[in-house]
């Protein structure tokens, strides 16, 4: 099967041709603004001017003609409206002229599938970082799911904005990477991770302030990279634990950054995962990735009438079925958490687990020590207060020098393991009661996923290191949002589970509708919703 793919979501117009085995050609032209960032209409003018030449060269390089095609695929979204309209119009014109079937493709799906094609990865979790996107994506229950993402600006956008403050034209990320190599001092920047989601606007504001104070520019660039990259690699590692998968795929324009690539490699090596780093040429937006995704969709039954190919600027990857992937959950985490190593033992005759937070080699040592100590102290205090509800194990000892917590051992199954084999409405109600009790004390968990809930004779919460005492209403809504998203992603009957949870939780919490509105606001901050 021979497929032409046309990409044009942002700054790059590209045409690529693939078959089942290889990439036959890939030709691109990138719009570079004279000043500032990308101007959508100017980029669209560039695309309209270059698209004929890009398509012609792609056919010439492949030694093919339009008549040889079996399918035309184009990037339907997400992206900049004027740019998307140029590429979709060209794709429709080719489809009509040569009587070829047409498919609109989700742009992030293209990044996943070209990465899999080039690397041989089977069922990876993808860390996708570009100018507009920062997402952790995994295939679960028939389609790709967004497990975590930025709640404001993309990481690449943040780097480009700061580069403009330095007087560096677009694209500024590569220059920041070079400047960071000469940085030494780690400046304190907000480390903004909430559960599986991240935020970069606060980091940008703080970096801009350091610039106004006259701090060394190389040090600011170094700190900007170390902090923001550590955040996304941490969320990626948590996603690996959360899904039990063992393959990592790195993609997107920012994935060309050598420091980010080394951090992902270090994390994978230390944790026993396989890391696949997309070839730098194909990290950038390209037509071949759209062709590859379109081919897989078509081979698995996807068809679109031309009237169904309207662009969608807010097109999310989790809207697209992906039946060609077989989920492979092959890693057991009985002796480790996302950030810890667990060993069983005794403490003065009591059965306990020793939870150690080891160094993370991918992080700057100064940042790593700060995060580990803060998280461990926070976990100790929250577990202490939460134990009063009966829904947390006892913490017997806190060794801040060796970074070890000694915790009562609970015999039971995580919620994730429990619901793999059966569905129990009563257990959902027990979980809802326990969560309501925790929130009633104004305690938030901070990472309320099925791997951090143990089902035994009652419900226990573990790993509260990202939670809050005297928490805000939004902290509570964040807990619920993360738990609901986990249920929808991990379980076929996730929506039914949420319904039963809500019914029970609302009995124990005043004005649950208020929290539902907060959850909607949190969801609205995600990209393309």
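Placement of Cβ uses the backbone N, Cα and C atoms for every residue, glycine included.
From a predicted model like this one, the values you see are computed outputs, not experimental measurements.
Some features that Swiss-Prot has for this protein:
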ACT_SITE  447  active site, proton acceptor
BINDING   107, 111, 128, 285  Fe cation binding site
BINDING   128, 129, 130, 131, 132, 160, 173, 177, 257  L-threonylcarbamoyladenylate binding site
BINDING   335, 336, 337, 338, 339, 340, 341, 342, 355  ATP binding site
DOMAIN    331-529  domain 'Protein kinase'
REGION    1-324  region 'Kae1'
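Positions of the features from Swiss-Prot, shown on the structure.
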| residue | record | DSSP class |
| --- | --- | --- |
| 111 | Fe cation binding site | helix |
| 130 | L-threonylcarbamoyladenylate binding site | coil |
| 173 | L-threonylcarbamoyladenylate binding site | helix |
| 257 | L-threonylcarbamoyladenylate binding site | coil |
| 285 | Fe cation binding site | coil |
| 337 | ATP binding site | coil |
| 355 | ATP binding site | strand |
| 447 | active site, proton acceptor | coil |
(message) Sequence gap of 6 or more, Cβ distance under 8 Å: name the residues on the same chain that satisfy this around the residue listed as 'active site, proton acceptor', in order along the sequence.
(response) 195, 238, 463, 464, 465, 466, 467, 482
(request) Please list residues from the chain of residue 337 (ATP binding site) whose Cβ is under 8 angstroms from its Cβ, counting only those at least six apart in sequence. (result) 241, 355, 451, 463
(request) Round to the nearest Å and give the CA-to-CA distance linking residue 111 (Fe cation binding site) with residue 339 (ATP binding site). (result) 28
(request) For the recorded Fe cation site, whose residues are 107, 111, 128, 285, find every other residue on that chain with a C-beta no more than 8 angstroms from the centre of their C-beta atoms, and list them by sequence position. (result) 9, 108, 110, 130, 133, 251, 252, 289
(request) Could you state the whole-number distance in Å separating the C-alpha atoms of residue 132 (L-threonylcarbamoyladenylate binding site) and residue 107 (Fe cation binding site)? (result) 12
(request) By CA-CA distance, flag whichever of 107, 128, 130, 173, 285 among the binding-site residues is nearest to residue 339 (ATP binding site). (result) 128
(message) Nearest of the binding-site residues to residue 128 (Fe cation binding site) by CA-CA distance, picking from 173, 257, 341?
(response) 257
(message) Within a 10 Å radius of its Cβ, which of these binding-site residues (285, 339) has the fewest neighbouring Cβ atoms?
(response) 339
(request) Could you work out which of the binding-site residues (107, 111, 355) has its C-beta surrounded by the smallest number of other C-beta atoms within 10 A? (result) 355
(request) Looking only at C-alpha atoms, tell me how far residue 341 (ATP binding site) is from residue 130 (L-threonylcarbamoyladenylate binding site), rounded to the nearest Å. (result) 32
(message) Considering Cα atoms only, can you say which of 130, 173, 257 is the nearest neighbour of residue 285 (Fe cation binding site) among these binding-site residues?
(response) 130
(message) By the count of other Cβ atoms within 10 Å, pick out the sparsest of the binding-site residues 128, 130, 132, 257.
(response) 132
